[in-house]
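Asker: Got a structure for you, written out below as structure tokens; questions coming shortly.
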There are 2 protein chains.
Amino acid sequence: MSYQPLSKLKIGILGGGQLGWMLILEGRKFPFEFYVLGNKDEPACKIADKCFSEDQYKELVDSSDIVTFEFEHVSEKALDYAEEKGKLYPRINSVELKRERYKEKEFLRDHGFPVPRFYVANDGEEALKILKDEFNNEGVLKQSRGGYDGKGQYFIHGDVDKYQFIKDMKCKFVVEEYVNFDFEASIIATRSRREFKAFTPTFNYNEKGILVYNYGPYYNDKMIEIADRLTRELDYIGTIGIEFFVRGNEVLINEIAPRVHNTGHYTLDGAETSQFEQHIRAIADLELGSTRILSPSGMVNILGVGEVPKDVLKFGKVYWYGKSEVRKRRKMGHVNIIGDNLEDVKEKIDNVMKLIYPQGLDL
Amino acid sequence: MSYQPLSKLKIGILGGGQLGWMLILEGRKFPFEFYVLGNKDEPACKIADKCFSEDQYKELVDSSDIVTFEFEHVSEKALDYAEEKGKLYPRINSVELKRERYKEKEFLRDHGFPVPRFYVANDGEEALKILKDEFNNEGVLKQSRGGYDGKGQYFIHGDVDKYQFIKDMKCKFVVEEYVNFDFEASIIATRSRREFKAFTPTFNYNEKGILVYNYGPYYNDKMIEIADRLTRELDYIGTIGIEFFVRGNEVLINEIAPRVHNTGHYTLDGAETSQFEQHIRAIADLELGSTRILSPSGMVNILGVGEVPKDVLKFGKVYWYGKSEVRKRRKMGHVNIIGDNLEDVKEKIDNVMKLIYPQGLDL
């Protein structure tokens, strides 16, 4: 092997949210510069070397050596232009699966990955009909476009009357069996041009479609095999998050996120390499780091509150995203937790939950 | 205890070097803003929320809630003004010990801390006389003011003739016994208004007065006791580094650094809380984090070279400070190393050394 220096790269990030913010926090150790497409008051833009507004996407792509995205629902024009210039990692094929939820579902099913039983409906009326005919009015209706964090999703348990408004909706839906899971889990993995490495999965607790907390390690080889094969079949480069329902011995993919993922934030403190550094290593064509978990660990999301009590620091590390405005359900920050063992982690999560949400969660 | 929110503080950092850079990297997770006194092209200034030039020190202090320093040899006016305003942590008494090396030595000796035998000389002529009379021309002459990283230090082994130029030097000197140590070591510790916490010490390897690499854990309770008592007697707030010579069962303090320290960089990856986050917690009057070492770990300094090979990433994490100019002996970055055990860490250090310095170190 000839000598190859660690080059001084310019990395463009599409999206200015907390995922971009953490990519930069973790990427700063490298001799790289970070350009962000987003609004000036967004977390990632505030710490970027340069912030580009949405209409300057060509300028951002042209001045970057490689381009990635912190979130798949960002400017399609920017994503497409970066792909056209051969700079986008992961490639556009993974983003396209997320533009329409039914494409993601069909891709997974058609490639033999385990998913809940589902049908695609062309509009709300058809969706409700399928729900009745195929699922006896017990199931989940998901708008095909643009849904995340529980947005555009309807969990129906016989109470179809409440959901008649869906009949008038003219968009595509995915109609899916309601999975009576034992628990939810996810895996964070990274593929580069030469390597695949996965973090140990975690147990996740979601409420109303939003992750509240997660912790691990949760050992599950099936998930590692799925992440390995899926990233191979997508020709994926970067970090990916895959969410699962676990029911007995069975794992079903709930959804994939072609980017760093909320359930991987604990890796900032609990793993030898973080999911963010790993993503940057992959897209910059560098050796991947070790994914060894250094200690059982977890994370609690700070949702919809404008501050946290100091005492939280007794149990964990606060990551405060510095968003300009508090909104209900908005991810304002998170707390990473390290424990001596899983029980210790869970106890600390309980303590942090009580401190952040003294009146209980309001989602 | 009443409810106390984690406040949004403005933290001023005096000095724009890599220590300030890492304080900001690690401090970004908090809802804090960082103002730096330094030059625009220095590492910490490049990532600060605002960079102030040296003559704007009053503005920086006035607009900060608390002020710290990344290095003790920064603008005395700025340090004194921050102290006067009651904002400086650690306080000026610790800095004053570093303004004149003999004060540090005398303080340590007078408070019963173990130090090498030394004398204070008023000028070079007296220093050489003491060296001859007391140490038989085997010893170390250290200029009292401004020395660090081996600057202003002369190691004399009988070859006094070579050092006759010192005779004409009109500055104060510390004349010290030459300690024939088994090895060098250091401890990083932090004191807040309520707590004291220390990281496990490390073995250090210095060459020509500059740290080349270090690794740990090296268990030594004496060092922890010394750090505890020393920070209590200094009424210290923040992270401190204390360097030792180890000779048999004996530990002798070589010097103290009233700030985050090069031998604590490994804590960014090897400990539950980094020395930088710990410093910020202490000065911001927050609960200290756990100093548990998550895995045996170490660090290699990148000295006087403008780039490193990509392959270094096979063994560790590169922290590149982004300094504007390469100079001989200059600290350009470092590599953090995590291992399964001490032997593994040492092997990785060897590999990294060979990769960074294929022709050997040139200091």
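Cβ atoms here come from the backbone N, Cα and C positions, even for glycine.
Grabbed the feature section from TrEMBL, which reads as follows:
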BINDING   A:Arg101, A:Lys142, A:147-153, A:176-179, A:Glu184, A:254-255  ATP binding site
DOMAIN    A:105-284  domain 'ATP-grasp'
Asker: Select the most exposed residue of A:Arg101, A:Lys151, where exposure means the fewest other Cβ atoms within 10 Å, treating these as the binding-site residues.
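Answerer: Per-residue Cβ counts within 10 Å for the binding-site residues A:Arg101, A:Lys151 bottom out at A:Lys151.
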Asker: Under a three-state reading of DSSP, tell me whether A:Glu177 (ATP binding site) is helix, strand or coil.
Answerer: strand
Asker: Give me the count of other Cβ atoms within 10 A of the Cβ belonging to A:Gln153 (ATP binding site).
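Answerer: Counting Cβ neighbours of A:Gln153 (ATP binding site) within 10 Å gives 17.
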Asker: So how many other Cβ atoms are close to A:Glu177 (ATP binding site), meaning within 10 Å of its Cβ?
Answerer: 16
Asker: Just counting, how many other CB atoms are there within 10 A of the CB of A:Val179 (ATP binding site)?
Answerer: 18
